[in-house]
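Peer 1: Here it is: the structure, laid out below.
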């Protein structure tokens, strides 16, 4: 499924449509009534880890400020406000206020649920702007059939967005912790390092979205190879310097991958789905995951990433 860098790119594709009104809808989704989106205004777009959130409001009402605009306004107000008596400011005065919407702004289908639509993308999930995805090869039955969109939003401007292979759900607000998002400027390295020190296989911890939101299986495999760490190594057995280096690779690799996507360049993995590592050693492949959790394919080089006993 798409990882953090891909979903960030999806967010950039949706951003130009913020403020526009949905003129027509389509799609095969059975999870929501897509017709409820007709005549609504796309008010905001946010990305958190592997999830994209779009906010919709009634088109006839005034366009409310986006979350980013609200935060900036709150910061400006807090700077302009005089400090409390004694020269100390109250931390609660500096908190940005949440964007509030009246009941009339919420889609009928989302009454009681919220006006944010959450998108979580499956394997080969994607978003296209002003174009449809076309088949580039025959399917298993030999048919050249184009992918079926889950949702299509046509806007009054004439442009449109197409969503493929994604789950959609209404929610009251984005569930987000920027401190755990590896592509956020608010990513908390200390919190991440504490998680990596756990007495658990390092490949399990890296996929824990509570601490590494947006980090997926490709990033996991690549950064473990770059750091020369065996995927089943217990985090508690590694030196702090090794964990810090692994964290550096996680942030840098994710950022580089995003920038490559924005330039239209593909990813060139060193270990993921490879039979040999860059040094010519044979690569091992196995499925690892916590008991009762998801098991993910893992590639590693036994010579470059020796097991730690």
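Just so you know, glycine gets a Cβ as well, placed from its N, Cα and C.
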Peer 1: Tell me which range among 78-107, 108-137, 138-167 TrEMBL lists as region 'Disordered'.
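Peer 2: My reading of TrEMBL: the region 'Disordered' range is 78-107.
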Peer 1: Average pLDDT across the domain 'Formamidopyrimidine-DNA glycosylase catalytic' (2-170)?
Peer 2: 76
